[in-house]
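Database features (TrEMBL):
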TRANSMEM  29-54  transmembrane segment
TRANSMEM  60-83  transmembrane segment
TRANSMEM  104-122  transmembrane segment
TRANSMEM  134-153  transmembrane segment
TRANSMEM  160-180  transmembrane segment
TRANSMEM  192-213  transmembrane segment
TRANSMEM  225-251  transmembrane segment
TRANSMEM  271-296  transmembrane segment
TRANSMEM  303-320  transmembrane segment
TRANSMEM  326-345  transmembrane segment
Amino acid sequence: MEEGDAKNPNTEQMEVKEPKHDGTTMRKALLVINCIILSIGNCGSPLIMRLYFIHGGNRIWFLSWLETAGCPITLLPIACAYMHRSRTADPTSGKKRFYMERPLFLAAIVLGIITGLDNYFYSYGLSRLPVSTSSLIIASQLAFTAGFAFLLVKQKFTAYSINAVFLLTIGAGVLALHSSSDRPENESNKEYILGFVMTLAAAALYGFVLPLVELTYKKAKQEISYALVMEIQLVMCLVATGFCTVGMLVNNDFKVIGKEAREFELGETKYYVVVIFTAIINQCFFLGAIGVVFCASSMLSGVVIAVLLPVTEILAIFSFNEKFQAEKGVSLALSLWGFVSYFYGEIKQSKKKKPDPEIEMASSLPPNTLKSSV
């Protein structure tokens, strides 16, 4: 009887541990979904924004505004989470209907202002540079993300992640070898350089935003759920849109949108199609990026953005007849190598973290059980 009594607690403890795998599987599935959403936004955003400028659009603040104006899309998943919480929550528990508390709300406002400024830098760069050139500059964001992640969230680097950063950075550098040949016609040297500087500033600023979002998650004095992440994203985008609205008002953009639509080279209807899809595709980018940070880290978000650079280059070739030099092929190979290196290192790290089942079972046994078996 004593031996049987000693074994029962062990059995109960083993049964409690099984559900952990379900949460891990769900998080991995969510990570894959967010990577796909981020890929759509990252590759489609520069293409459709460049399309706007090529065919007669020239309102930089308006395009900056469009980058986050699609944020009402996130109201749908937030509403679903709200209805689920309302049905499942105990009315007497006193739980709030919304997840975000004041400190996170204030942090989201600050992040939104930075994002609005970053939107302007990025839009200005795309107005002056071809997609291939602006994309290779944006790839330098990975280096900024890695540096800020190390400073802000104490990101730990392995040999594989360092190798990935090195390869992806070299890939962007290889592309830079042909950037001078991509300079648009009838554009002054001053405009080209200013576009280059603004795009680099956009890369540095968003390389700062991603680790800052991760730091916000870690410092929050409340549980971070995916529903809360979407609320943070909504507030960030609303504030960024408000920031760009001020710029539009100062620049009188609202007064000339109708005229610009009528003079658009592809036609007025297609102008508004471009405008709507610019807002939707950019929202995919922001929602995917912040989702990857939630599911994994700001470092992985930066890696996914950087590895998609050659894909954007290839799409730009087919969309705008840009040349595909040998440098772009080399960059594609280096980027894919860096991507594989990063994920191989992550897989090895996850295997190291998994405890041996026998050791875990032995550690869960009460001391009395070990003595009685002797």
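Keep in mind that glycine also has a Cβ here, set from the backbone N, Cα and C atoms.
A contact between the transmembrane segment (192-213) and the transmembrane segment (104-122) is present, since 3 or more of their C-beta pairs, 6 or more residues apart, lie under 8 Å. Within the chain, the transmembrane segment (326-345) has long-range Cβ neighbours (under 8 A, six or more residues past its boundaries) at 132, 136, 158-161, 163-168, 170-172, 174-175, 177-178, 300, 303, 306-307, 309-310, 313-314.
With a cut-off of 8 Å between Cβ atoms, the residues of this chain six or more beyond the transmembrane segment (60-83) that come close are 45, 49, 52-53, 97-98, 115-116, 119-120, 122-124, 126-127, 226-227, 230-231, 233-234, 236-238, 240-241, 244-245, 247-248, 250-251, 253, 257, 275, 278-280, 282-283, 286-287. Long-range contacts of the transmembrane segment (271-296) within its own chain (CB-CB distance under 8 A, at least 6 residues past either end) are made by residues 27-28, 30-31, 33-42, 44-45, 48-49, 51-52, 57, 63, 66-71, 73-74, 115, 210, 213-214, 217, 224, 226, 229-230, 232-233, 236-237, 260-261, 264, 304-305.
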